[in-house]
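Let me begin by presenting the structure, written as structure tokens, before commenting on it.
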Amino acid sequence: QVRLVNSSSRCSGRVEVHHNQQWGTVCDDGWDLSDAEVVCRQLGCGLAVSAPGRAPFGQGHGPIWLDEVNCTGMEGAITECNFKPWGVHNCNHSEDVGVVCSGVEGDLQKGCPPRPVSDPAALRLVNGSSLCAGRVEVLHRHQWGTVCDDSWDEEDAAVVCRQLGCGTVVSAPGAAWFGQGHNVIWLDDVNCTGREDTLSECLARPWGTHNCDHGKDAGVVCSGNVATIGLEKEWSCRNEGQGSFHGAPLVPSIDSSSRPTASHVSPAELRLVNGSNRCSGRVEVMHDHQWGTVCDNNWSFPDANVVCQQLGCGTAVSVYGAAHFGRGSGRIWLDNVQCNGTEAALSECLAGPWGANNCNHGEDAGVMCTGMNVPLAPFTDADASRQRPLRLVNGSNSCLGRVEVFHEQKWGTVCDDTWDLHDAAVVCRQLDCGMALSAPGSAHFGPGSDPIWLDGVQCTGTESALTECQLSNWGEHNCGHSEDAGVVC
């Protein structure tokens, strides 16, 4: 016997199996979508949508019955899969696995129609800051997989945005901009005209045929203008009881606070309070027009580093839990935050759904940052020429954005030809913004409108200013603003 517990739906929750007259949990070592697929099939709950670990549905209290579960995905019951002997494990309940199924059986009972492959449910954007931005994943043969960025462009992204009802395309980043996937790579060399209704109508290599790795996973950012007429029922059928869990962020049900708009692509506002300066204190995030705290479950240095970077406060020195900076008094907005440390904002990290937690304010998380780039007042054009003729614009803080340089009394952009992490490292150093995390091109932070001042930038990474690097002559280039270079420090 198997069951899913501690969720609002019988088709999602913590996995528990019955053995020796007792229910017990399953350890997340080796747990993946193939294992989750068997659980969903066994329960008559449709397809596996996510296979989160790290106790996303809370910790169990009985024995841990199974560890190192290894299913092919075709078994009829979890006990038909390979696993260690019953009760043999090296885990604790913080590693209890969960499953989120599509819930097709329940959907049919509620009058929700079955989903064809061309339906938006067969496509999702994950690991982004909204429903309408993230890594592209497609559903094929009952398994979610990614798309390789070979030939990936805005025509392809436009089809994704249309299929999801997410308005128009803003950008089509590649190189795993929204993090690397972990399952199969389903599509490569996708070639859409931009007029198709679904991605499956576009030309591409046969399913599963590719020459890529997950470092080339394709992403999409849409304008976020979801056409909601007639979709509310579809979304609720599709996502009842689901939210964002460790492993793969899921689409929340649409309501007035979560319906995506263009503004939702921007990260949630963040502050540190009750510390000795603005770069230390209790972590608070703004959501639904209200400040709230972050629970200290799984709170760690990668999470703290993202906070410090987002605030322009350098890097994390210390990570605190147990309300070290005093108890908050509003909502507890986030729990089980899990950043990899490269995100530009805390709201881009994996976490439980907004407001869902098993905490109290005695567990509020805190951070102390180096504060190395505390002076964040933007430079005026008058200041720029004599102090720091370089800036990052159109990002969420002063340490990420489109690169602009000041020359002949005018700000201008840098072309992304040869632009890489060595160049970005110099920009971050020059701006006192810590280390470079990524060097996106293709106008990732939007196209500029001023001159394109630099092209063919080649830094070793040790220079103290961008102008010390090998450059073309000022104003000489073969670029358009669609090639404007960016930096994330």
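Every residue, even glycine, has its Cβ placed from backbone N, Cα and C.
Where the annotation comes from TrEMBL, it is an automatic prediction and has not been curated.
Under the heading domain 'SRCR', TrEMBL lists 2-102 (among others). With DSSP classes pooled into helix, strand and coil, the tally for the domain 'SRCR' (2-102) is 16 helix, 31 strand, 54 coil.
Among the features that TrEMBL reports, disulfide bond is placed at C27-C91 (among others). Cβ neighbours of C91 (disulfide bond) (same chain, under 8 Å, six or more residues apart in sequence): C27, D28, D29, I64, D67.
Taken from TrEMBL, the feature disulfide bond covers C40-C101 (among others). All protein chains included, C101 (disulfide bond) registers 28 other Cβ atoms within 10 Å of its own Cβ.
Just so you know, the Cβ of C71 (disulfide bond) picks up 22 other Cβ atoms within 10 Å once every protein chain is counted. What TrEMBL lists as disulfide bond is C71-C81 (among others).
Residues or ranges marked as domain 'SRCR' in TrEMBL: 123-223 (among others).
The disulfide bond annotation in TrEMBL covers C148-C212 (among others). The Cβ neighbour count for C148 (disulfide bond), using a 10 Å radius and every protein chain shown, is 25.
The Cβ of C222 (disulfide bond) lies under 8 Å from the Cβ of L125, C132, A133, A157, V160, C161, L164, C166, G167, T168, V169, V170, each of which sits 6+ residues away along the same chain. The disulfide bond annotation in TrEMBL covers C161-C222 (among others).
Neighbours of C192 (disulfide bond), defined as other CB atoms within 10 A of its CB across all chains, total 23. The disulfide bond feature in TrEMBL is assigned to C192-C202 (among others).
Residues annotated as domain 'SRCR' in TrEMBL: 270-370 (among others).
Cβ neighbours within 10 Å of C359 (disulfide bond), excluding its own Cβ and spanning all shown chains: 17. Residues annotated as disulfide bond in TrEMBL: C295-C359 (among others).
What TrEMBL lists as disulfide bond is C308-C369 (among others). The number of other CB atoms found within 10 A of the CB of C369 (disulfide bond), across every protein chain shown, is 28.
Annotation source TrEMBL lists disulfide bond at C339-C349 (among others). A C-beta separation below 8 Å, combined with a sequence spacing of at least six in one chain, links C349 (disulfide bond) to D303, V306, V337, Q338, C339, N340, E343.
Here TrEMBL flags 390-489 (among others) as domain 'SRCR'.
The annotation disulfide bond is assigned in TrEMBL to C415-C479 (among others). Cβ neighbours of C415 (disulfide bond) (same chain, under 8 Å, six or more residues apart in sequence): I452, L454, D455, G456, V457, H477, N478, C479, E483, D484, A485.
Here TrEMBL flags C428-C489 (among others) as disulfide bond. The number of other Cβ atoms within 10 Å of the Cβ belonging to C489 (disulfide bond), over all protein chains shown, comes to 27.
Residues or ranges marked as disulfide bond by TrEMBL: C459-C469 (among others). All protein chains considered, the CB of C459 (disulfide bond) has 23 other CB atoms within 10 Å.
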Disulfide-bonded residues C192, C308, C369, C489 vs C148 (disulfide bond), shortest C-alpha separation belongs to C192
Nearest by Cα to C359 (disulfide bond), of the disulfide-bonded residues C212, C469, C489, is C489
DSSP composition of the domain 'SRCR' (270-370), residue counts helix/strand/coil, works out to 16 helix, 35 strand, 50 coil
The domain 'SRCR' (390-489) resolves under DSSP into 16 helix, 28 strand, 56 coil
Quick note, C81 (disulfide bond): same-chain residues at least 6 apart with CB under 8 Å of its CB -> D35, V38, V69, N70, C71, T72, E75
